[in-house]
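To keep things clear, I will list the structure first and then write my remarks on it.
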Amino acid sequence: MSDKKRINQIAKETGLSNTELVATAQSLGFEVKSHSSSVTAEQAEKIIQGVKTGTDTIVKPAEKTVKAKIKTVPETAKSKQEDHPRTFAGKAVVEDPAILARIKEKEEAKKAAKTEAEPIEEVITTEKPKVAEPVKKSEPKAAAKAEETKVEKVEAKAKTVTPKAEVKTENVADKKEPVVTEEKKKSLTQKPRIQIKVIKRAEDIKKEQAAARPEKKKFDKNRNDRNNRNDNRRPNQNGNGQGHSQGGNHYDKNRPAGQGQNQGQKRDKFASSGSSSTSDTFTPAASGKNNRRDRDRKKTDSNRDNTKDGNRKGGPLRVNDNRNQVRNARNSNWNQKGGRGRYQNNQSSSVPATQRKFHELPESLEYEVGMNVQDIAKSIKREPAEIIKKLFMMGTMVNQNQSLDEDTIELILMDYGVTPLKKVEEDKSDIERLFVEDGYLNEDKMVERPAVVTIMGHVDHGKTTLLDRFRESRVTEGEAGGITQHIGAYQIKTNGKKITFLDTPGHEAFTSMRARGASVTDITILVVAADDGVMPQTIEAINHSKAAGVPIIVAINKIDKPGANPQRVTQELTEHGVFPVAWDPENGSEFVEISAKFNQNLEELLDTVLLVAEVQELKADPSVRAIGTVVEARLDQGKGAIATLLVQQGTLHIQDPIVVGNTYGRVRTMTNDLGRRIKEAGPSTPIELTGLSDVPQAGDHFAVFEDEKAARAAGEERAKRAQLIKRQNTRRVNLDNLFDTLKEGQTKSVNIIIKADVQGSAEALAASLQKIEVEGVKVDIVHSAVGAISESDISLAAASNAIIIGFNVRPTGLAREQAAQEEVDIRLHSIIYKVIEEVETAMRGMLDPEFKEEIIGEAIVRETFNVSKVGTIAGFMVIRGKVTRDASVRVIREGVVIHDGAIASLKHFKDDVKEVGNAQEGGLMVEDFNDVEIDDTFEVYKMVEIERKK
């Protein structure tokens, strides 16, 4: 043998394990790190001797803690077999007196340690050990194992702790070297704790527990029963003499069920009762019982065991125990439900398997027409079958998916005691209501907006020149290209404020906007030439402005001409209801004398516009979603639908979902009147946009929606409604249906447009018609002028739903065509009292259409045929004219009319025909008349309406 040997060589020679040798060498103070470390022969002998004889002779430094000693003191199966007496049938077999002497010394040291452990605050318990046989007093091996369950922290008494750590042994038949976990380290360092073993007899422990047990709330009965059953079924397998119940007590077959739990929960009651070495069982006790009791209430068994040393000792058993408890609980629930099939428990359970939750009925329910039973059941928290049953008892057979009418829904809700409330659906596609209602506007965010001005007047009075001067005034010299495009509306800035002008060449666009109820104009500038005076179109412009209800600013143009006479123009305008402010301060209009050609007094005209706008207090809310009106629209080959819009409320942004008239889309691009792209447009701002699905019409309203889906739905709905209205016959007011219209309450006044040959006749006719008053309905003269009936008159009549009276005048050819398209009623007269009588008769409902009889044919009966269940069919020959199916027939016999009625059927040979011509044969049957004879004459005629004389 060499001077030094490795630990693994020594293990092979002696048959000992490397772990035991390394642990013993380290406990002797040798520098040994692993089984590959080398020691001298002398050290090897000491190590072998130390393993065989134990570690009693090993002297440890007094300053080392128990924590370190636990790590460095190994236990081997071989040393245990040598140091502890073997047992047979519960009795110790003593083989070596030296071993008995050492055991006795250990017991004395243990007693001394227990008596000195006075300042103890809390017990540090180990995990539940495996089940073992009961420990007897005479068994030193069991006493030594009892020392294994103690983890102690000694503050200043190393002399009493050292022997404990040296004699502490462990059964390593199933487990390896003990390892102190981090949790145990943490618990050792938090508070000065020490474990006390109170060894008593089982009978004494039971008595003390019964006496010291306080009143407490019981745990769940099912849980305790399951735990007790598991404890009774599972044998004690731990070799250290401790059971795996909550208290860690020894398992006793004779003790009552649940005693282990009670002992574990109440071990603090008998912890201070002293110690005894003559008991068959032992129970760890603890101080700080209140904290312990709180933890027992809050933590489950598995959590408390795992926080201690579950991975070392009691962990696997506790996991299995938890799994068994879960399985037992599931089986218990299964048994309560009754099992499955023929193996189910026949005993009836007191608690039903499924218990329906009760829901209170609502006090009221807002319903929609067309709801089915399933919808109602979901709303009132009831089963559909229950509602179907109620309806069946009421005599109504329905299923849960069948739609119900309003009466049935209210009946079933009232039967349940629920107040039915019909839901009022808001038509989101009706964007016109936004122009009538202003409840959505925020008064706190209202700001001043620019005025919208329309220039109207006779075409030869300088309207176009005035528009050009305004355009030139807002274009600076630095702009390249000047005005690049004309979009029908533009803005100018004067005195720090903006004015929006609408370019409306002619009155067609303005009239169409009025017809759609879109009055976007705030102020009208009426241009009148100073040398010509008031012309027919000037009067028409005045009537348009008054019908729109907007103030008028009169611009007397061409004052630079030699024949200009502004005073005469003022006098003529007063005859048509336009008075200067000096004459009528309340309802008067501003008069400004200008010269558009020489830019004379244009600034004064703009200042007047700003003054009138300030008086009107024009405001808008830019924070809401934008609404407005279409000025004009067109279809571009490259860009698609292009619309010129005027924003009236809110702010329009790029990518806004928008509905324009009967179209929809998303704002793709926006261009202002200068041709520049912008990202947003505020109130009274004209813009040109792209992105619509179709070309809208001038005068249509537009509105921004919350999302594109809602905009699409609203646009499609509006297009569908427009198509439906287009298919229906538009009912215009005329003298024939005027009484019915008045009766239905659709009209409270008769709108009339008068066109006469001379001004005197027009004035006299207007005065006479305004005196007619029937049943509270009066005549309203919309427009009265001199001249032929023109297209403008037709447009005005269509917009105002008026009747045109022509006195000694005729309509033009284009006017007739437009009147037929617009379905405008034109009445032509030459006698004034005839006009008054006809209008009054129409208002009273006395005007009936006149008809005359027109004979279209004559036939002679040649043969008759009697057909059962049909009647008599007469075969005839047409001798003059023709016989038609939709005509009436007189049966004449010997010059006397014996019957007058309609033709029921008409045939040519065997074919049904609509007409039989001259010199042709056919057969007919007279409706409700069968007494037809040969040689009777058929006189065929029609009733034709007579056109009234003009």
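Here the Cβ of each residue, glycine as well, is placed from N, Cα and C on the backbone.
Taken straight from Swiss-Prot:
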| type | residues | note |
| --- | --- | --- |
| DOMAIN | 448-619 | domain 'tr-type G' |
| BINDING | 457-464, 503-507, 557-560 | GTP binding site |
| REGION | 457-464 | region 'G1' |
| REGION | 557-560 | region 'G4' |
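Here the features listed in Swiss-Prot are placed on the structure.
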| residue | record | Cβ contacts under 8 Å, 6 or more apart |
| --- | --- | --- |
| Gly457 | GTP binding site | Lys463, Ile525, Leu526, Val527, Val528, Gln537, Thr538, Ala541, Ala555 |
| Asp460 | GTP binding site | Ala529, Asp532 |
| Ile559 | GTP binding site | Ala530, Pro566, Glu593, Ile594, Ser595, Gln600 |
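Beyond the region 'G1' (457-464), the same-chain residues lying 6 or more positions past its ends with a Cβ under 8 Å from any Cβ of the stretch are 505-506, 525-529, 532, 535, 537-538, 541, 555, 557-558, 596-597. Here the region 'G4' (557-560) has long-range neighbours at 461-462, 465-466, 527-531, 566, 593-598, 600, meaning same-chain residues at least 6 beyond its ends whose C-beta is under 8 angstroms from one of its own. Every protein chain shown contributes to the tally, and the Cβ of Lys463 (GTP binding site) ends up with 24 other Cβ atoms within 10 Å. Break the region 'G4' (557-560) down by DSSP state and the numbers are 0 helix, 1 strand, 3 coil. Within the region 'G1' (457-464), the DSSP-based counts of helix, strand and coil residues read 2 helix, 1 strand, 5 coil.
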